Each structure stands twice: as structure tokens, then as C-alpha cells.
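To keep things clear, I will list the structure first and then write my remarks on it.
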């Protein structure tokens with residue numbers, strides 16, 4: 001008991017010190033927790049680009065620290081605690097699986113600000129932020145549906161969380177719209193980053209007849225596997241992955257975190273930081289669509305760009321009724337669009353997708 | 001569900017490719033452990049081999065030089081472990097773990113300029129008409145040279161350990177280093193050579209990942225393959241041909257579960273995903289279950305001096 005009291009005291013003292021730093025007496029220290037290595041060429045790479053943009057923007061006034069390849073779960077809590085203890089004023093935890101660890105650490109360090117990516121649990125000192133990747137998935141689905149010759153689209157999914165399921169649904173709806181015969185095969189890799197496994201998953205899908213591979217994992221390995229197989233198209237995930245253009249990579253979803261990171265660091269410096277929930281899409285520029293390569297026929301490219309524009313100006317929502325759930329029950333009526341609450345907690349497939357979501 | 005979408009031919013063919021990196025690393029570690037040394041740094045040596053091989057293959061344009069560099073890189077890294085544990089008598093477990101961490105860091109440093117570059121392609125061997133034999137042709141005769149070299153290495157390791165004087169000396173050193181020393185064998189030298197062989201094999205395994213199986217360089221790309229290789233050595237109770245079986249079993253289940261998922265099998269994905277690891281654990285438990293007489297099977301097969309430091313006092 002006694003030891004615990006001492007520890008709590010130490011933590012409180014440290015929290016006070018970090019609070020003092022936040023008042024602007026010294027450099028603002030910004031920490032980042034990454035799920036993969038910064039050189040993954042995808043998800044973590046783009047978050048690190050955001051970190052570098054913060055450094056470029058604020059120069060001497062800011063100090064950034066980061067820890068890469070932090071496993072989701074109990075280890076994450078230790079790493080985040082360590083970062084808070086080392087005097088960080090603002091900590092970005094950049095993967096869904098850090099949600100509970102982030103909130104647990106945040107409760108112990110009320111003066112430190114936390115920003116959790118892609119989650120939904122907030123507190124006074126925990127904000128959440130995410131991008132509407134599903135808008136990009138709609139564009140991918142459109143191109144995939146138009147381009148597939150075998151009518152089989154392979155999808156390498158990571159974990160069965162709402163963000164990933166939204167992506168599968170958005171891609172499927174828009175592929176189905178332009179190609180009623182299209183089928184999706186979903187492989188759950190249960191990892192964000194394991195190049196060998198991602199390559200194997202892509203190979204398995206290709207061997208079973210898929211000629212379009214969509215991925216929701218972070219490495220470029222599926223791109224390499226598709227290239228080896230030939231005649232298979234892919235899309236860059238999280239980062240442009242343009243080194244695989246024009247074939248197999250025909251387009252991409254690019255995450256652009258830099259403006260958000262700069263804005264939030266600024267808010268901490270000015271003392272105006274508040275717990276918020278940010279969810280931006282193509283319109284505000286948090287989601288970018290990478291250049292559609294010449295491997296895509298001109299008319300398909302024009303349609304895809306028109307779809308992108310309608311998503312950007314808000315005239316079209318990727319989840320617009322009539323839509324049914326996989327079990328055939330009604331979800332959205334004609335013309336109705338999905339609300340953010342449903343999307344944030346999406347745990348069902350739309351009608352037409354085969355297979356079950358693991359739970 | 002459409003199981004007919006899974007072609008057993010293609011499945012077996014991809015199994016052979018998927019198993020090759022762990023097979024190489026496990027064979028190397030088997031020789032190391034047979035000499036009585038426990039090197040837990042396989043993961044670190046693999047990833048160092050992966051980047052050394054990748055970098056040299058890209059710079060020279062030749063995958064062959066890449067593989068040679070990978071073997072050298074792995075061997076050099078293992079030499080650090082060898083010097084620390086054999087001459088300075090550091091703790092093998094701690095040094096091995098440190099080697100893994102060091103290898104992961106070193107490889108990401110070396111790999112800074114190689115992210116997103118494509119390596120020169122490795123040609124598949126052309127067996128002419130053999131490859132046209134139905135089923136067998138596609139499974140056995142459509143691979144790159146490394147797959148066959150690895151198989152040859154496996155048989156070679158078995159033969160050397162079982163039939164040659166060199167193999168006998170290696171085993172003697174691993175079973176009882178004091179007796180081997182008394183007979184005049186250079187225990188430390190034999191062990192150093194074994195450690196370097198292990199490092200070279202792990203390096204080749206890593207390069208197979210970065211040059212052929214994936215093929216590209218990304219940090220942390222071995223993603224635990226080195227640890228699986230370590231488990232497979234125990235699984236195989238220190239026998240080379242069983243290492244082959246273990247690696248193919250693990251590679252096979254890994255590939256099969258992805259194929260079953262793609263075909264839409266109704267088994268929950270979680271079970272499929274963990275199946276390679278579950279099977280490895282299950283076999284490990286069976287292997288180490290006590291037999292008549294009370295000794296565990298695995299401990300019966302383990303080299304008696306495994307993990308023990310040797311210091312000649314005279």
C-alpha cells in the first residue's frame with residue numbers, strides 16, 4: 001500500500017512538472033506512438049511525415065519524440081506511460097489498439113494531452129481523430145468493379161474493427177454498383193504489419209482467381225506479390241506507394257496528417273487545446289486520392305475523379321440508401337445516408353458480401 | 001464456401017516457398033545447438049541477412065552476390081555473439097536476446113536508403129519438360145535455385161552429422177565439452193565455426209524473404225520468423241530431417257489458413273490464424289512429455305551441454 005502511495009505521489013509530481021512545461025516555459029514536447037516501423041512505406045510512414053511536418057513548422061519551439069513498432073495491448077500502456085513520464089506535453093497514439101491503454105494512461109496524467117487515432121473513447125485530456133478512409137475506398141471500389149475481369153476482388157483485412165469493416169463495405173457497394181457480378185474474398189491477416197504474411201495472403205487470393213487486390217494492412221508487400229503475378233491491380237494503402245505505379249498500383253488512398261498535427265500542437269502551445277473528435281475526409285484534405293495511373297482506361301478514370309469530387313464537396317455520401325445489411329434486413333431507405341454514429345461502430349457487412357466478420 | 005477454389009498443386013508449391021526462410025534459419029540453429037551453444041539471436045541475424053542481401057543485390061544487380069553478402073552479414077553478426085560467449089564467457093541467453101535487438105536496430109539503420117526499391121528478379125530454374133508433368137511438375141519443378149539448395153543443405157547437414165568425423169566431433173563437443181577437450185578437440189574453435197554457420201544460414205533465410213518471397217525491404221520484415229525457427233529446432237528434437245518436416249508443417253498451415261479464408265471457410269478466422277502457432281505449441285508439448293523412465297523426450301534428445309559455457313582451465 002505504502003509503495004503505491006509513493007508511486008502515486010511521484011506520478012502526481014511529474015504530472016505537475018509537465019503541466020508547467022505546457023505553460024510555455026520551455027519547448028513543447030510532442031510524443032508519437034507508432035504501431036509499425038517508420039519505414040513501412042504505409043500507415044506509420046505517413047504519421048511520421050506528419051511528425052516531421054510539425055518539426056518543420058515550429059522549429060526550435062518544439063521537440064518531438066517517437067517510439068516505433070509498439071505492440072498493441074499491455075506493452076503499449078508501459079510505453080505511453082514512459083513517454084508521459086519523460087515530460088511529453090502532447091502524445092499522439094496512432095493505432096486503434098492503443099485506445100484503452102491511452103485512456104488508462106491519460107487518467108493518471110491529467111495535465112498531459114492525448115490524441116488517439118481511429119478510436120472512439122474520449123476524456124477531458126483525450127481527443128480522437130481519424131480520417132474518412134471509406135470515401136477513398138468508394139473510389140477504389142468503383143475502379144475495382146470496372147477493371148476486374150474475373151469478377152473476383154481480394155481484400156486483405158487486418159483486424160475486425162469498424163474502420164476496416166467500413167472500408168470493405170464502401171468498396172463493395174461501389175464495385176457492385178458498376179459490376180453486379182463482382183465478388184469479394186476477404187482474408188483477415190490479424191496484423192497491421194507483417195510483409196511475409198501480407199505477401200502470402202495476396203498470393204493466396206490471386207491463386208484463387210482474384211485480379212484486384214485491396215489491402216488494409218500497412219506494408220507494400222501485397223503490391224510486390226501482385227507485380228510478380230502480373231495482370232493484377234492494387235491500390236496504395238495509407239501512403240501513395242507510387243514506386244509500384246503504373247502497374248500493379250493504379251491509385252491509392254493517402255493519409256495526410258500534417259495539417260491536423262500542426263493545428264493540435266499549436267493549440268497546446270497557445271493553451272487552447274480541448275478534447276475534440278475530428279473525422280475528416282477528402283474534402284478537408286485529410287484523405288487524398290493518389291494519381292490514377294494510365295493502366296486505368298480514360299473513361300473509368302474520369303468517372304472515378306467525378307466520384308471523388310462529389311465526395312469532396314459533400315454532394316454524395318458513400319453510404320446512401322437503399323442499402324440492406326448482409327442478413328437482408330433494411331438499413332438505409334432510398335436516399336437516406338448513414339449517420340456518423342452507425343459508421344463509427346459499424347460491425348456488419350452490407351448485403352451481398354459473403355462470409356462472416358470474426359468477432 | 002468454395003473449397004474447390006483451392007488448388008492443392010498451387011498450395012503445395014507456395015508451401016515450399018513459404019517454408020524456405022524458416023527452414024534455412026532452423027537448420028543453422030540446429031548445428032549451433034548441436035555444438036552445445038544456444039543462440040537466441042536468430043531473428044537478429046535473419047533480418048541483418050535480409051538487408052545485407054537486399055542492399056548488395058540492388059547495388060550489384062546480382063541476386064547471387066546478394067545471397068553471398070547475406071551469408072557473410074549473418075556470419076559476421078553471429079561472430080560477435082561467438083566472441084562474447086566463447087571467449088568472454090557471457091551468458092548465452094542474454095547475449096542472444098541482445099543480438100536480436102541489435103540486429104533489428106542495425107538492419108533498420110543499414111536499410112535507410114533501400115525502402116521502396118525493387119530488387120533484381122531471381123529467375124526460376126527451368127527444368128524443361130519436367131515442369132510439365134501434371135501436379136508433381138508444378139509442385140516440385142517450378143522454384144528458384146534457393147529452394148533446392150536449401151533442401152540439399154538439409155540432407156547434407158543430416159549426412160554430415162550422422163556419417164562423418166566432423167559431425168561426430170561437433171556432436172561430441174555438444175554432448176560433453178570436457179571429454180571432447182580431454183580428447184584434444186578445440187571446443188571453442190568448433191563452436192565458433194558452428195555459430196558462424198548458423199549465422200550464415202539465418203542470413204540466407206532473411207535474404208530469401210527480402211529478395212524472393214516478399215520481395216522488398218521493409219523494416220522489421222522478418223516479423224518473428226527467427227523465433228519460429230528456434231521453436232522448430234526443439235520441435236524436431238535436433239534432427240535435420242525433422243526440421244524439414246517442422247518447417248513444411250508450419251509453412252503449410254500458414255499458407256493453408258490464408259487459402260481457407262480466401263475460399264470462405266466457415267471456421268472462425270481466429271482459429272485459423274492461430275493454428276500454425278497452436279500446432280507448434282502442441283507438438284512441443286508432446287515432444288517434451290515425460291516417457292517411461294521419467295526423462296522428457298525433448299531433454300533426452302537435447303545436446304547435454306546446450307547453453308553451458310566452456311572454459312578450459314589449462
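Placement of Cβ uses the backbone N, Cα and C atoms for every residue, glycine included.
In TrEMBL, the transmembrane segment annotation falls on B:220-238 of the listed ranges B:163-181, B:220-238. Listed ranges B:271-289, B:290-308; the one TrEMBL annotates as transmembrane segment is B:271-289. B:6-25 is the stretch from B:6-25, B:64-84, B:192-214 with the greatest number of Cβ pairs below 8 Å to the transmembrane segment (B:245-265). Here the transmembrane segment (B:135-161) touches the transmembrane segment (B:6-25). Their Cβ atoms form 3 or more pairs under 8 Å, with each pair 6 or more residues apart. Of the recorded ranges B:64-84, B:96-115, B:192-214, B:220-238, B:271-289, the transmembrane segment (B:6-25) has the largest number of C-beta contacts under 8 angstroms with B:192-214. Here the transmembrane segment (B:192-214) lies next to the transmembrane segment (B:37-58) in space: the count of CB pairs under 8 Å, restricted to residues six or more apart, reaches at least 3.
If you look at the transmembrane segment (B:37-58) against the transmembrane segment (B:220-238), you find at least three C-beta pairs under 8 angstroms, all six or more positions apart, and that counts as contact. Away from its own ends, the transmembrane segment (B:64-84) comes close to residues 39, 41, 44-46, 48-58, 90, 95-96, 99, 102-103, 106, 119-120, 146, 191-192, 195-204, 206-207, 211 of its chain (Cβ-Cβ under 8 Å, at least six residues beyond either end).
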